[in-house]
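One structure is given below, encoded as structure tokens.
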Amino acid sequence: MPAPKEIKRISEVVWEIPETYKKGMLVPARIYATKQLLDSMDEGVFEQVTNVACLPGIQKYALCMPDGHWGYGFPIGGVAAFDFENGVISPGGIGFDINCGMRLVKTNLTIEEVKPKLKQLVDLLFQTVPTGVGATGFVKLSNSQFDEVMVKGARWCVEHGYGWKEDLERIEEHGAIKGADPSKVSKKARERGIDQLGTLGSGNHYLEIQVVDRIFDHNIANAFGIEQEGQIVVMIHCGSRGFGHQIATDYLKVFLDAMKKYGIPLLDKELACAPIDSPEGRDYYSAMLCAANMAFANRQVILHRVREAFEKIFKKSAQDLEMHLVYDVAHNIAKAEEYEVDGKIKKLLVHRKGSTRSFGPGHPELAEIYRDTGQPVIIGGSMETGSYLLVGTKRAMEETFGSTCHGSGRTMSRHKAKKEINYNQLVKQMEERGIYVRSASKSGLVEEAGVAYKNISDVVEAVDRAGISRKVAALRPIGNIKG
DNA sequence: ATGTTC
């Protein structure tokens, strides 16, 4: 679908829809994309990103990344920052899967060492990491322990034997965001979440064995623990499961009433929101952070299982296999961060929905190990086409509220993929190309076929050219476990 | 994404 005729080209990969496009827009909308990616975006993206530009307290621009596509209220690939004093918080700008994110683990193994044992390894991981809709985990929690998980996130896991102390400095916000309040979480959300720690889920969530295919920046790759092409790494993609989903559902309902109360105009029910500085807004923020911390804990427990599986198959300790965490990033979340707006430093609530934080070198919030390089940015592609490791930049701080893209973005609906792609053929084709896959459901697998997604290299090229993150390494899948 | 439709 073509972009609206009002769109202006700002640079090779930045496009702007002016405030005059639609009544009520408070700021322009900006889309980061090559001409080719822009032309392939669905019309919904332009409608939604300009709707977001109408929300109270929005700062500078409503943004969309090159992997943008139509989503619930806000586009997926969306970034929007709101003033804490007069702005809003919106579940649609965060996503149902609160703190859906990516985690990357390195090893010192090479493809030659792993290939003979790949099937054994993938089969073991498929057994030990619960996968699929409704999956429950092996960590049994009491209600008060679950409260602790909501507040302490990955730190709770490390204190209880699921991981290494050093893991915590390699997670966004050290795996525990301050401000989570379990009393703001409904009984229903608690019931759905309490047995879901350490589970992968379904849809596009996966656990993948990958090989470093190409290194673009050797210095930064080395600082991230990526030493050579042919090295084996493991990528984990999942979020807060039914727990975060229920919290989003609960507060969407609360916010529809709150909007009337606060006199916020309703453009679209899916844009339900509340003032950040209101009882409803503060409650959702505190509950949302419970889900964010649960998701960090979820990925931490899965990492523990991954280390155990490698130890069993390769008969060496995870320490000896140098299975250090590279990083863990959220790509569905809202964060309190400071940015310069009109020459003043302001505290903003940055909504990232299908968008990754991309803090550059020197940012005070980064752990010392990544202070000089900028943070690692983990971009998941489809299970067939590969993934990327990037690094954050100062330019992202200036242009995109410290944000970049998150993945490929679908081009084919799940429904269409199910109709057009044959399961057995897909598995055979993947096996011929050296990718061994185990999946909880046949339809779940065909929905995630590579042809159903945008070309990840095009997306990464666009953010690299825009300078809002830089390519460090390309990763290629060899084994995949999915929901 | 999701005990895949409250």
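Every residue, even glycine, has its Cβ placed from backbone N, Cα and C.
On a predicted model such as this, the values are computed, not experimentally measured, just so you know.
The feature Mn(2+) 1 binding site is assigned by TrEMBL to A:ASP97, A:HIS205. For A:204-208, A:331-332, A:380-383, A:SER387, A:406-409, A:LYS482, the entry in TrEMBL reads GMP binding site. Feature annotation from TrEMBL assigns Mn(2+) 2 binding site to A:HIS237, A:HIS331. Taken from TrEMBL, the feature active site, GMP-histidine intermediate covers A:HIS406.
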Cβ-Cβ distance under 8 Å, sequence separation of 6 or more, same chain as A:HIS237 (Mn(2+) 2 binding site); the residues meeting this, in order, are A:CYS100, A:GLY101, A:MET102, A:ARG103, A:ASN204, A:HIS205, A:TYR206, A:LEU207, A:GLU208, A:GLY380
Given the binding-site residues A:ASN204, A:ASN332, the candidate whose Cβ has the fewest other Cβ atoms within 10 Å is A:ASN204
Here the Cα-Cα span from A:HIS331 (Mn(2+) 2 binding site) to A:SER382 (GMP binding site), rounded to a whole number of angstrom, reaches 16
CA pair A:GLY409 (GMP binding site) / A:ASP97 (Mn(2+) 1 binding site), Å rounded to integer, equals 16
Filtered by Cβ under 8 Å and at least 6 apart in sequence, the residues in the chain of A:SER382 (GMP binding site) near it are A:SER408, A:GLU448, A:ALA449, A:GLY450, A:ALA452, A:TYR453, A:ILE456
Cβ contacts within 10 Å for A:LEU207 (GMP binding site), all chains included, total 27
For A:ASP97 (Mn(2+) 1 binding site), the nonlocal same-chain Cβ neighbours (under 8 Å, six or more residues apart) come out as A:GLY239, A:SER240, A:ARG241, A:GLY244, A:HIS245, A:ASN332
Same-chain residues at least 6 apart in sequence with Cβ under 8 Å of the Cβ of A:HIS406 (GMP binding site), in sequence order, are A:MET65, A:ASP67, A:GLY77, A:MET102, A:HIS331, A:GLY354, A:SER355, A:THR356, A:ILE379, A:GLY380
Cβ neighbour count (10 Å, all chains) around A:HIS331 (Mn(2+) 2 binding site) is 30
